[in-house]
Amino acid sequence: MDVIEVDGIRCCNSMAVTMFNNTFLHYSPSLNTETLTLTIMLSIFAILGSIGNSLATFVFYKVRDKTTAQIFILYMSVIDLFTCTVIIPFTVVVEYLRYDVRFDGICKLYQFLITSKVPLSAFIMVAIAFDRYFCICHPLRRIVTPFRMKMVILCLTIFACTLGIITCLSYGVYRRASIPTLSFSDSKLDGIGSKFMDWRPMADEPVSSDDVSQSVMSFIMEYLKKRNVSHTVTSLGDQDQVVYIGTCLPNSLVLDLNFLYVYQKVYSVLFVVCLVVVAILYGLILRFIQLRRSKKLQQKLVLCTYMNGEQAFEGTRMTLLNGNDDEHPHLKSKDSLHEENNTLKVDQNKNNDIRRTSSFMFDADKLRDETRTANIKTAIMLFTVTVVFVIAFLPAWLMAHKFIPPNIVIFYMYFSYNVANPCIYAFMNPVFQETLKKIYRRSS
């Protein structure tokens, strides 16, 4: 396979027209209103998100004996911090250049980061929902442990990185083109430079390789016409060549474009699957809480009835005993009195044991209820994080599938999710609030 390089550095073979003029259709990035708005918005996201997620990472890293929820929050904070410090600035540069990144490695790296981070966030939302479900609905089974959650996070990260690798292998600044190998009678014909395209990639839509071939041939014919080249000496037929275009676009050099098309559909469906699973799990949690409250109310009513009945029984028994003593004092002997005293002592000991057991059960129930209440509060906070995630990513997902008109500023609003998380922790997490108060007191 032949390679068409940049700026006339080398050509595919001696008889081929292999270069494009570097000044023809050369793109010069401009800061228009849309790009300026996007740059300002993403810059604000990057600054605020870096500060907030740095605090969140510091706070939850310092927590000893982390719960599974705190492990997830710490991991999300690290992801959000990396997004705000690396991915968002990277996106600003790529959008300013309109994907004209020139270097294949930079193109692949950007596609890897941007397409692995999004599904990883969705997978973490699902893992959090499972964690809250087991902690609230099945707290005694010990299904969810910190070690298991760390293993789950590792597996989800590997899976998300695999998705990113597939995407980055399908993008590049080179394209395959089917170009005739031509020889010209004009020996003074200048080499044709390399830069012939100024394209923007379409979201989730592979670009046909025929477009590259047609663009190459159109440029060649235009170039020859301008230089009054009358005819070609020979045509050796079509030949597949790798053309440098400098713009980060899907290509078929490693993976077939049809495979990429199917993969992008599966990739998009993952978002919907994660959303459905999260909705089901939080729905089960809500149903469990409602049933638990109803059951607890019934238990209180039964317990109240039982306690009143027990007191009435004790009072009746003592009245009968006292009544018998008054009516037949001569029937009592010393042995019977001694036996009754022993019986009363045994009853008192039993009552004391019952009280201690009841007190212990009450304390255990109280501790269990407090733990469940804390888990529910954490679930509400993490559910809020999930809702923000869905709201932030939904417009971009709808634009990618052409359900709504594209708007680049609204499209990249999904980065607001990475900025909003520390704000949610600040309002809804006591550990984060206390640590922020301590930092503020020390600074003042």
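Along the chain as shown, the residues are counted starting at 1.
For all residues, glycine too, the Cβ spot is worked out from N, Cα and C.
Counting only same-chain residues 6+ beyond the ends of the transmembrane segment (36-61), those with a CB under 8 A from a CB of the stretch are 70, 73-74, 77-78, 80-81, 83-85, 88-89, 91-92, 95-96, 408-409, 412-413, 415-416, 418-419, 421-423, 425-426, 431-432, 435-436, 439. What TrEMBL records for 36-61 (among others) is transmembrane segment.
What TrEMBL records for 52-399 is domain 'G-protein coupled receptors family 1 profile'. When averaged over the domain 'G-protein coupled receptors family 1 profile' (52-399), pLDDT in the model lands at 73.
Taken from TrEMBL, the feature transmembrane segment covers 73-97 (among others). Only residues 6 or more beyond the boundaries of the transmembrane segment (73-97), in the same chain, are considered here, and those with a CB under 8 A from a CB of the stretch are 29, 31, 35, 38-39, 42-43, 45-46, 48-50, 53-54, 56-57, 60-61, 66, 110, 113-114, 117, 120-121, 124, 153, 248, 382, 385, 408, 412, 415, 418-419, 421-422, 425, 429.
Feature annotation from TrEMBL assigns transmembrane segment to 109-130 (among others). Outside the transmembrane segment (109-130) by six or more residues, the chain places 69, 72, 75-76, 79, 82-83, 86-87, 90-91, 94, 101, 144, 149, 152-153, 156-157, 159-161, 163-165, 167-168, 170-171, 248, 267, 270-271, 274-275, 277-278, 281-282, 382, 385-386, 389, 393, 414, 417 with a CB less than 8 A from a CB of the stretch.
Annotation comment: TrEMBL describes 151-174 (among others) as transmembrane segment.
According to TrEMBL, the feature transmembrane segment maps to 266-289 (among others).
Marked as transmembrane segment by TrEMBL: 378-398 (among others). Sequence-distant contacts of the transmembrane segment (378-398) (same chain, six or more residues past either end, CB-CB distance under 8 Å): 69, 72-73, 76, 118, 121-122, 125, 128-129, 132, 135-136, 268, 271, 275, 278, 282, 285, 404, 410-417, 420-421, 424-425, 428-429.
According to TrEMBL, the feature transmembrane segment maps to 410-432 (among others).
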Positions on the same chain near the transmembrane segment (151-174), where near means CB under 8 A and six or more residues out:
3, 71-72, 75, 101-104, 107-109, 111-113, 115-117, 119-120, 123-124, 127, 242-251, 253-255, 257, 260, 263, 267
